[in-house]
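In Swiss-Prot this protein carries:
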type     : residues : note
TOPO_DOM : 1-33     : topological domain 'Extracellular'
TRANSMEM : 34-54    : transmembrane segment
TOPO_DOM : 55-69    : topological domain 'Cytoplasmic'
TRANSMEM : 70-90    : transmembrane segment
TOPO_DOM : 91-120   : topological domain 'Extracellular'
TRANSMEM : 121-141  : transmembrane segment
TOPO_DOM : 142-149  : topological domain 'Cytoplasmic'
TRANSMEM : 150-170  : transmembrane segment
TOPO_DOM : 171-192  : topological domain 'Extracellular'
TRANSMEM : 193-213  : transmembrane segment
TOPO_DOM : 214-239  : topological domain 'Cytoplasmic'
TRANSMEM : 240-260  : transmembrane segment
TOPO_DOM : 261-284  : topological domain 'Extracellular'
TRANSMEM : 285-305  : transmembrane segment
TOPO_DOM : 306-360  : topological domain 'Cytoplasmic'
MOD_RES  : Ser359   : phosphoserine
Amino acid sequence: MDPEETSVYLDYYYATSPNPDIRETHSHVPYTSVFLPVFYIAVFLTGVLGNLVLMGALHFKPGSRRLIDIFIINLAASDFIFLVTLPLWVDKEASLGLWRTGSFLCKGSSYMISVNMHCSVFLLTCMSVDRYLAIVCPVVSRKFRRTDCAYVVCASIWFISCLLGLPTLLSRELTLIDDKPYCAEKKATPLKLIWSLVALIFTFFVPLLSIVTCYCRIARKLCAHYQQSGKHNKKLKKSIKIIFIVVAAFLVSWLPFNTSKLLAIVSGLQQERYFPSAILQLGMEVSGPLAFANSCVNPFIYYIFDSYIRRAIVHCLCPCLKNYDFGSSTETSDSHLTKALSTFIHAEDFTRRRKRSVSL
């Protein structure tokens with residue numbers, strides 16, 4: 001395989017490639033120059049406002065802070081940093097792929113997108129593990145689920161994400177084609193393709209498997225508790241519903257784009273390409289907006305499904321309602337689940353020990 005003929009998209013944005021065939025494909029997609037600027041402006045406005053309110057509400061909320069809130073604040077900060085770059089891509093789409101803001105912002109904005117993607121996936125994975133420990137292993141996890149541990153984990157995630165984004169700075173460049181500037185990906189060598197494949201597997205698909213595994217274990221534990229109690233516990237049923245909504249939102253946001261990226265890398269490593277570059281480029285171009293929209297929907301998901309965050313946001317926006325209670329209980333759904341399942345697990349352990357002692 002000739003390295004000079006290898007040109008697939010490797011970054012987390014479907015920017016116009018120097019490859020003329022891909023550039024032609026990009027220009028033939030009718031909605032990009034009209035729909036995407038409008039869509040990204042809406043994502044920018046709602047996302048910046050939503051994440052700012054979410055960070056402010058949780059940071060300045062009086063009283064003790066939940067452990068999960070530390071991860072949520074960092075996730076909102078990651079989304080906010082990415083959203084700041086969206087106006088640059090709005091200008092790019094409106095100008096039919098031309099990059100008019102210089103080489104520094106070409107590299108810098110692509111780097112921030114890569115850091116955001118890695119940071120978001122790792123934070124969501126940690127949040128899933130934290131929820132798994134809180135609900136499935138409430139007693140054993142007490143020594144791990146501490147505030148200082150959460151801060152160390154978040155700092156490590158930021159450091160690792162910044163390191164993983166560094167290849168983007170080297171692979172992105174401002175390219176002149178017919179005297180027109182394009183922020184594009186350099187032609188990929190086989191070695192770079194292999195590195196991209198390994199990085200994609202370990203920074204997306206492995207965390208994705210961890211997230212799905214954690215939530216499946218949580219759902220199974222909740223179902224076992226529901227069957228054991230024999231009661232129609234609305235909070236437990238709602239919690240199971242929320243779990244699948246969170247997983248579904250993550251899958252819809254990132255799986256199509258990263259699957260297209262995976263196929264593009266595998267196709268580039270093969271002697272004979274089974275997937276035409278135009279089809280792969282179109283797949284990433286269509287699925288890219290779904291991935292980026294995830295940065296603006298998270299605050300709304302938390303507001304709708306987390307009563308604790310809903311109260312914090314309302315109190316932040318309307319201090320006059322500070323003493324007004326927006327629910328019958330001040331505890332979060334996780335608190336209810338932790339207490340209920342802790343009792344359930346203790347009962348299970350007691351039953352096992354009793355059966356074991358009887359059998360002996």
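The backbone N, Cα and C atoms fix where each Cβ goes, and this holds for glycine too.
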Fill in the blank from the handout: With the greatest number of Cβ pairs under 8 Å to the transmembrane segment (70-90), the stretch among 121-141, 150-170, 240-260, 285-305 is 285-305
Problem - Interface present between the transmembrane segment (34-54) and the transmembrane segment (121-141) (three or more C-beta pairs under 8 A) - result: no
Handout entry: Ranked first among 150-170, 193-213, 240-260, 285-305 for CB pairs under 8 angstroms with the transmembrane segment (34-54)
Key = 285-305
Exercise for the section: Work out, from DSSP, the number of helix, strand and coil residues along the topological domain 'Extracellular' (91-120). Expected result: 23 helix, 0 strand, 7 coil
Problem - Non-local residues, at least 6 beyond the ends, that sit with Cβ under 8 Å of the transmembrane segment (285-305) - result: 12-14, 26, 29, 32, 36, 39-40, 43-44, 46-47, 50-51, 53-54, 72, 75-76, 79, 82-83, 86, 116-117, 120, 242, 245-246, 249-250, 252-254, 256-258, 260, 313
Problem - Tertiary contacts of the topological domain 'Cytoplasmic' (55-69), as residues 6+ beyond its ends and Cβ separation under 8 Å - result: 76-77, 80, 127, 130-131, 134, 145-147, 150, 308-309, 312-313, 315-317, 332, 334
Completion exercise
Across the topological domain 'Cytoplasmic' (142-149), DSSP yields 5 helix, 0 strand, 3 coil
